[in-house]
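One structure below.
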Amino acid sequence: MIAAVRGVIRGCTLLLVLAGLAIGTAGPVNAHPTLLFTEPGSDSAVPDSPESITVLFNEAVTAGPAALVVFDINGDEVPMGTTVTLRDGRFVTASPTGTLNPGTYTVRWRVTGADGDLLEQDFRFAVGIALTGDRAQPDNSATSWRDAVLRWLLFTGVAVSLGGLLAARFTSSARAENSALPTVRSWTVAGALIGLAGVAGLAFALVVYAGTVAALWQGRSGLVLIVEAIGFVLAITLTSIRGRTWPAAALLIVVAAEGVRSHANLAAPGWGAVLTGIHLAAAAIWVGALLHTVRAVVAWRHQRAAVRWVLAGYIALAMWTFVVVITTGAVTALLLIPIADVVTTSYGRVLLIKLGLVAVASGLAFVARLALRSGQRTDKAPTVLRAENIVLVVVLAASAVRVSTPPPVGGSAQESAPPPSSIGVVLPLATLAGQVGVSVAASEEQLVVRLSTPRRGDYYAPDPDQHYGLAARLDGEQRVGAELSFRQCGRGCFVAPADWHDGTNILTLRVEADGWHGATVSLPVPWPVEPVGDDLARAVAATRASGDLTVYETVTSDATAAARDPEQLDIPAAFFLAQEPYADGTAPLAVRLPNDARPVRLALGYPAAGMNVLLTLDESGRISEEIFTDAKHLVTRRFVYP
């Protein structure tokens, strides 16, 4: 009996010793697997529908066939393929069964760790609207011939209607003196219908381009077309009941809308629209009044006194419209295009053609004036006026081509004016577009984009002779926006007006640089933002106080290359922070992004050093994620604490 008891005691003692050895020699165990990275990235944006959605963990997990579920902004589930695991169970991925439309999506993932516990979280990403065109040209000079034809119809409609209304005063006064003269009716309704056809064509093209009819009221381009359509419809309606004044006022609505849409208004908001509106109104009156006058001269060709009366009225009108057209056109040209680019860019060459045509029309108008002064040559006036009318119609076509050709973003980059001073808080963001560094500064009604590439032979020095191409558009989560119009503000620097809306704005950029891989990228731009306050200093202090940490890091110099597996680094938090630009808890540009009950994110900018950092904080206020971008690298880090 005693021997049996001793045997049991020895057995229990041995078990306790073995258990103690097991406990004493066991390494640290992670209670749960940790999510390291996602693709698309959390709170990021992509320019096109992603081929797959992937989450990466630091250890193997088990995932069911529906482990990844995607919801659109309305909460409706998006059809997905079967979820699979790769790379020893650390990668969980699934592909959408169709194309994801532009908008914001939420991904909910659910996996089981090696300990048997179920983990579930979600993250968001956005899909932007793809940019049109094959290439982002440095002078952005491709002409849209479809738009040119449609805008020629629009301009012709305004000219026939508005100019005809004013010239009708001369024919009405002539008939008041001689009621036997045939009536020359105004073509206001016909002109408005022509213009309305042009507006309808432009609206249809916009809807097809955006893929949704909502583009007509969710962006400035669509709203301008709606206002123009209203102006033409009002002109048609008022012509039969309100004489000439009210239809002319309705047509001026169309003119004002074109001013708002113009390149000049983008370059100089406000007075650029006024300048373009005056230019278009004067040109329309010149062309339309001439057309009405030619019709009257032909109809009254046997009534010399009536012909001289109408010609005198038109020539007086044409003189001041000519002066206004030339003056406003010259100022607009100086505003939009440097002298050095007049011959070397498409926009400049179209402008030269238009100026040549205006000179020809002016010469014909001078000949008509001489014919009027000489009573013996009055019979030659109709022929001269017809020729002038034809030339002016071609001038309208040249104008349509010009406004459908984006002006160059600037001349010599070294001589370009710097961007205007920022108003309010500046949001710094950055990414890599292929091998091209992209730094973005968003401020009140303004966007500044700076591009950079490595230098051949000196990787860390910028290349002073590097040429860049940039095209961009700005959209909302549920709002179709428009492409942005940039001007150059230095080598690799581009500035454009930007209409930021509350919530998440999706900025899509197509970037090119001679000799390097460019790409199309998208960035979510949350708005409005607020100063960071002491959030950064407290986050640095909390991270430093954590002692040791594990960092999972990926580094790339070409964002289009295949992603590498993350490197694991076990280092003291204080040592890691000492290498970071925000080690002292400050940054030249530091803002807190709106979180909507999501983790706190801080955007930091170091313009002088060409660096940007995006930090995500955990529930304890420590840094949990970091995206570091400079001119040549994109570094993504995930922090895991003991």
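Cβ atoms here come from the backbone N, Cα and C positions, even for glycine.
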Task: transmembrane segment per TrEMBL - which of 149-168, 249-268 - done: 149-168
Task: Tertiary contacts of the transmembrane segment (189-217) (same chain, 6+ residues out, Cβ under 8 Å) - done: 101-102, 129, 132, 146-147, 149-162, 164, 223, 225-226, 228-229, 232-233, 235-236, 239, 251, 254, 288, 479-480
Task: Helix-strand-coil residue split for the domain 'CopC' (32-127), DSSP-based - done: 0 helix, 49 strand, 47 coil
